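As structure tokens, the structure follows; a few thoughts come after it.
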Amino acid sequence: MPVLMPSAHVPTIDISPLFGTDAAAKKRVAEEIHGACRGSGFFYATNHGVDVQQLQDVVNEFHGAMTDQEKHDLAIHAYNPDNPHVRNGYYKAVPGRKAVESFCYLNPDFGEDHPMIAAGTPMHEVNLWPDEERHPRFRPFCEGYYRQMLKLSTVLMRGLALALGRPEHFFDAALAEQDSLSSVSLIRYPYLEEYPPVKTGPDGQLLSFEDHLDVSMITVLFQTQVQNLQVETVDGWRDIPTSENDFLVNCGTYMAHVTNDYFPAPNHRVKFVNAERLSLPFFLNGGHEAVIEPFVPEGASEEVRNEALSYGDYLQHGLRALIVKNGQT
């Protein structure tokens, strides 16, 4: 059962001290992160150093230029049986059934010579990209953005480590860049005169995506300013505000697992809004063989009750379960 969050408050936290060397300032940020993760489970990270206007420009340009044939050629196996990829690729809209479309890509370090690729390890794929003559700046931007977001997310994890009473670099080994299973999804929700049928929540709320817990270590999301997200609290579903320039951060189920739900994965859902908008999550994941032993965070009253779980097994089973529960995105 999901944890019902005690609050709907989503604070904005200046994370710039986490990039510096002032231990006292880092501790103050960690205290704010602690309050957010124990409150609504969400916070906005500001002063993050990412050019979000360029991000929107590149993604809008990409979605506007993609042809139907390009979308099919890049589509994952669920939409194109000729493509064996199940993670990297295009997630197509289906006329009359599904309006949302997206492109997901993985670690740029996953080349044919990467040991996990060579071994055919699940969840590892060499990225497919659209034609570089038609989309000249897309791949270079995306690869740079992936590395920038991995660095930002690793810095955030250092703040979470301090918030949990652990050494600052407690999570670093599990997040090594060359093996990271992290992913970026470039999701477009269109405005349509005639929208396909959408789901309805138990409370009557129309939904673009039903309630779920993120399969990640943490999720770091930028989205355009159309309010759509809700978090489940002890008082029911409550709206999460938007932000023009900041990243929305929440814990995924691996963080919940290793902290015994001290930092839970908040249950959340996407309201149906017929408006053109972008949702651009970075899902921070560890390497396939990474294992973080569950521990008792500083200040927690319970003992460790979860077993150690390799990140590869966690991710493979978690993503499969999410598709079974909520359908193919």
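A Cβ is built for glycine as well, from the same backbone N, Cα and C atoms used for every other residue.
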Ask   = Pick from S279, S301, S310: which one does Swiss-Prot list with R87, Y91, S183, Y189 for the same isopenicillin N site?
value = S279
Ask   = Which one of H257, H268, H288 goes with H212, D214 at the Fe(2+) site, as Swiss-Prot has it?
value = H268
Ask   = C-alpha of Y189 (isopenicillin N binding site) to C-alpha of D214 (Fe(2+) binding site): distance in Å?
value = 19
Message = Going by Cα-Cα distance, which of the binding-site residues (R87, Y91, S183, R277, S279) sits nearest to H268 (Fe(2+) binding site)?
response = S279
Note = Counting other C-beta atoms within 10 angstroms, the emptiest spot among the binding-site residues R87, H268 is R87
Same-chain residues at least 6 apart in sequence whose Cβ lies under 8 Å from R277 (2-oxoglutarate binding site) = R188, Y189, Q223, T224, V226, N228
Ask   = Taking the centroid of the Cβ atoms of H212, D214, H268 (Fe(2+) site), which other same-chain residues have Cβ within 8 Å of it?
value = D211, L213, T219, N250, A265, P266, N267, R269
Request  = Would you mind pulling the DSSP three-state label for R87 (isopenicillin N binding site)?
outcome  = coil
